[in-house]
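Take a look at the structure below.
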């Protein structure tokens, strides 16, 4: 699979935290995926807001929508499949309504730890073998790959073992995906060096980009240097830099996410840039305006992404 990223691509921001900002209660093991059941129009509205802000990518509400998690809510397998398809359709409908070429849908594939709903995705090391993780991830990835998304977003991955499992399934399916780790400093959350983590994707043509997400903005620059060694486009979409205070149940501290900082990431080699938790449409609009100045308004994004017949889109000013 030949993939070429010719120019900067702006991704969306955090889905769940923006849903919360709109007044939705996500205190549920399914997190944002709960709204696939209860309020899909809210998910659609957030996708639309990011496209209006100038993003060229909508990431689906399937991050925490596992078969196990849905079964625990009494959702049978057929209905779970329908909900995964709904997550892709909501993003696809928002893309179509945006009226711009070159927009695409990334089907979110969260880590095993996300399904545990106990913060395990920020630790890794679940005590499962690579084989067991492969078997757990395969059914959901098969459904999402067949639901019409342009790319699978293997995101917030804390552990090299889980990355190996995900890459195994991607190769079986033969579909494009990006691989994005959650990190602390210069290591994965499970403690592995980033060079080792990114090397998992080195000889995998289906992996079209590698990088980091759901991390501190200050950790991004060193990660870009490590990811660039793989020879693939680099994707970065960190959190705002605020931290969650468990006792106060509130976000505290200043946001460190800015277009100025993102410009440094682009200068260092990042080719897909967006945000994760607490990065909303206003911040994405600032990225689009400041990082894509030749096109003026965010709606005129010049991003272009080309690949084979399974994954091709082009847009221009």
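Note that Cβ sites are derived from N, Cα and C of the backbone, with glycine treated the same way.
What TrEMBL says about a protein is an automatic prediction, not a curated fact.
The Zn(2+) binding site annotation in TrEMBL covers 214, 276, 277. As annotated by TrEMBL, domain 'Hcy-binding' applies to 1-291.
Taking a C-beta cut-off of under 8 angstroms and a sequence separation of 6 or more, residue 214 (Zn(2+) binding site) has the following same-chain neighbours: 155, 156, 182, 237, 238, 239, 276, 277. Just so you know, the Cβ of residue 277 (Zn(2+) binding site) picks up 24 other Cβ atoms within 10 Å once every protein chain is counted. Same-chain residues that are not part of 214, 276, 277 yet have a Cβ within 8 Å of the Cβ center of the Zn(2+) site turn out to be 14, 17, 156, 182, 213, 215, 237, 238, 239, 275, 278, 279. Using a 10 Å radius centred on the Cβ of residue 276 (Zn(2+) binding site) and all shown protein chains, the other Cβ atoms total 27.
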